[in-house]
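Asks: Handing you this structure, nothing more for now.
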Amino acid sequence: MKCSSIALAAFTMLSGADAFAPYARVGSRNLRSGSSNMVMKDYPKPNVEDTDNYRFAETMSSSFKGSIKIKDESQKKNVAIIGGGLSGLACAKYLSDAGHTPTIYEARDVLGGKVSAWQDEDGDWIETGLHIFFGAYPNVMNLFSELDIHDRLQWKIHQMIFAMQELPGEFTSFNFIPGIPAPFNFGLAILMNQKMLTFAEKLQTAPPLLPMLIEGQSFIDEQDELSVTDFMRKYGMPERINEEVFIAMAKALDFIDPDKLSMTVVLTAMNRFLNESNGLQMAFLDGNQSDRVCEPMKNVIEKAGGKVVTNAPVKEIVTNDDGTVNHFLLRSGEKIVADEYISAMPVDIMKRMTPKKWQNMPYFRQFDELEGIPVINLHMWFDRKLKAVDHLCFSRSPLLSVYADMSVTCKEYYDPNKSMIELVFAPCSPIAGGNTNWIAKSDEEIINATMGELARLFPTEIANDAKWPATSEQGPSGKATLEKFVVVKVPRSVYAAIPGRNKYRPSQTTPIPHFTMAGDWTSQKFLGSMEGAVLGGKLAAEVVANRAVGNADLPIKKIQQHIVDASSDHVPKEPIGVKGEGGIAFGAGATLEKKTEALLKESDPIQFASPAEYAAAA
């Protein structure tokens with residue numbers, strides 16, 4: 001019974017969505033074009049605890065205060081952690097729970113890494129990315145419970161809202177009816193809709209998804225060698241499903257087009273959401289991530305005796321003759337000696353910091369197969385209120401992934417008179433399937449292209465503004481003009497989940513004694529995401545805590561034979577290290593000023609290559 005019902009949900013999932021009559025209104029505005037009298041409305045926290053994944057996360061968290069907590073002071077370890085992003089913070093938090101003394105060394109003056117936020121000269125908060133919390137984030141939800149900050153999540157109505165590509169200015173949605181369990185809720189939400197795929201196309205989509213439901217994770221993992229488009233064509237899915245569904249899904253999951261994205265990523269997400277009734281329900285944070293998430297994590301760490309040090313960039317991982325870590329050397333010249341060492345750096349930064357003595361080891365050579373994906377986050381302030389929904393919207397645009405009117409969705413940014421739209425601009429490079437390296441473009445070029453897309457999303461509202469040529473076809477009814485914008489570029493964001501990469505994600509246990517790896521790009525069952533970052537840090541803490549109480553080290557993940565064979569031929573060099581300061585230098589995001597741009601051109605020239613040059617380099 002369960003398999004047949006899940007199958008029903010699976011083949012209907014990819015159908016598109018329509019506004020199911022009883023839920024056709026979001027907040028106080030109909031999803032179709034019309035006047036806006038939008039008022040923020042939050043919904044009660046859903047039951048995210050009644051899932052196997054949450055129970056596993058909760059049990060793992062409890063182990064740090066139980067089975068792998070130190071039994072006496074002799075087992076207590078001083079732990080040095082490079083990186084104060086979510087993974088480093090989570091790692092330190094759980095090490096503190098286990099009785100250890102962690103110290104985080106964060107290069108920047110703000111915490112959070114890829115979820116960091118800061119204020120500009122006007123006092124407006126600028127975010128590295130538009131971050132949404134899902135019910136199917138068990139480790140994040142468990143962490144929020146432990147920190148007692150669930151009240152900082154603004155849960156939205158259980159919907160997924162899409163802009164209609166062929167009907168500018170209109171939206172359509174998956175509507176999840178309260179009280180209907182998974183996977184029936186997903187199946188029912190989409191069966192009520194006929195806008196994006198025909199019933200025949202839905203039926204044609206079903207057979208390729210059945211192995212996912214019958215064989216489970218083994219089938220999902222095997223699809224890593226195929227792109228979404230390859231999978232679709234191999235199994236005879238209708239071509240139209242690509243433009244109707246997969247483009248939006250792929251760009252939302254990894255800022256990448258479906259012809260570049262591993263099918264394992266899509267199947268992993270589908271499998272999770274199909275089996276958790278509230279897995280797809282979304283929440284916005286009620287303010288900026290630095291204050292509302294990172295600060296309470298920092299407070300817990302420091303209250304337990306740990307430290308979080310900012311403006312402390314690590315220059316070098318200094319090794320002994322046998323390759324073990326001697327100390328971390330800060331740019332200030334200070335030497336950091338600890339019992340245990342952890343890297344919570346992004347993969348691209350770790351590659352630049354890998355000591356010479358480690359470079360012939362297969363474990364570290366596999367990092368060459370991984371790299372961060374470029375993405376751009378935009379903040380756009382308008383002179384009046386646009387018609388909006390109090391939710392995340394999937395744009396289904398060639399240039400944009402998702403967006404939200406933060407003046408409606410978020411308490412700290414609430415403004416009843418003007419809109420502030422936050423958008424994810426993707427794909428923005430050839431590796432992600434784009435035709436342009438948008439990281440190399442000026443802010444004005446990026447905003448002009450975005451204004452053209454917004455003119456499609458809001459056809460009767462965006463003004464014909466001579467400053468932005470892409471709006472030149474707007475009619476006289478459009479009045480909204482752009483007052484301010486900020487472009488945050490992240491040249492190396494989450495690891496690029498292109499086909500065949502999953503097998504190279506390393507275990508948290510490394511071949512170096514007392515050196516452990518954290519980060520969302522390390523091996524864990526969730527995607528490169530906030531959930532993956534928290535779990536990656538938690539798993540790294542488990543390695544250290546487990547070792548401290550005298551247990552055998554957790555195993556190193558199997559390394560591909562071709563990596564093993566080629567490692568001995570590699571010519572080791574002195575590590576390049578990190579040049580410059582700020583978010584971009586250390587694998588996060590920032591506004592790209594002239595000095596930063598020049599440094600990026602020097603350290604990561606591929607970001608400025610043409611598609612032809614990129615193809616040649618690849």
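Cβ atoms here come from the backbone N, Cα and C positions, even for glycine.
TrEMBL: automatically predicted annotations, no manual curation.
According to TrEMBL, the FAD binding site annotation covers S87, E106, A107, V314. What TrEMBL lists as domain 'Amine oxidase' is 86-544. The signal peptide annotation in TrEMBL covers 1-19.
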Asks: Does anything in the same chain, at least 6 positions from E106 (FAD binding site), have a Cβ under 8 Å from its Cβ, and if so what?
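Replies: Long-range Cβ contacts: G83, G84, G88, V308, V309, T310, N311, A312.
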Asks: Between all pairs in S87, E106, A107, V314 (listed as FAD binders), what's the biggest Cα distance, rounded to the nearest Å?
Replies: 17
Asks: Give, as a single whole number between 0 and 100, the mean pLDDT over the domain 'Amine oxidase' (86-544).
Replies: 93
Asks: May I ask which residues of the same chain, at least 6 positions away in sequence, place their Cβ under 8 angstroms from the Cβ of V314 (FAD binding site)?
Replies: I82, Y105, A107, F328, L329, L330, R331, I336, M353
Asks: For the recorded FAD site formed by S87, E106, A107, V314, name the remaining residues of the chain with Cβ within 8 Å of the site's Cβ center, in chain order.
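Replies: Other same-chain residues with Cβ inside the cutoff are I81, I82, G83, G84, G85, G88, I104, Y105, R108, G113, A312, P313, A344, M345, F586.
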Asks: Neighbour count, 10 Å Cβ-Cβ cut-off, for A107 (FAD binding site): what number do you get?
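Replies: 26, counting other Cβ atoms within 10 Å of A107 (FAD binding site).
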Asks: When a 10 Å sphere is centred on the Cβ of S87 (FAD binding site), how many other Cβ atoms does it contain?
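Replies: The Cβ of S87 (FAD binding site) has 33 Cβ neighbours within 10 Å.
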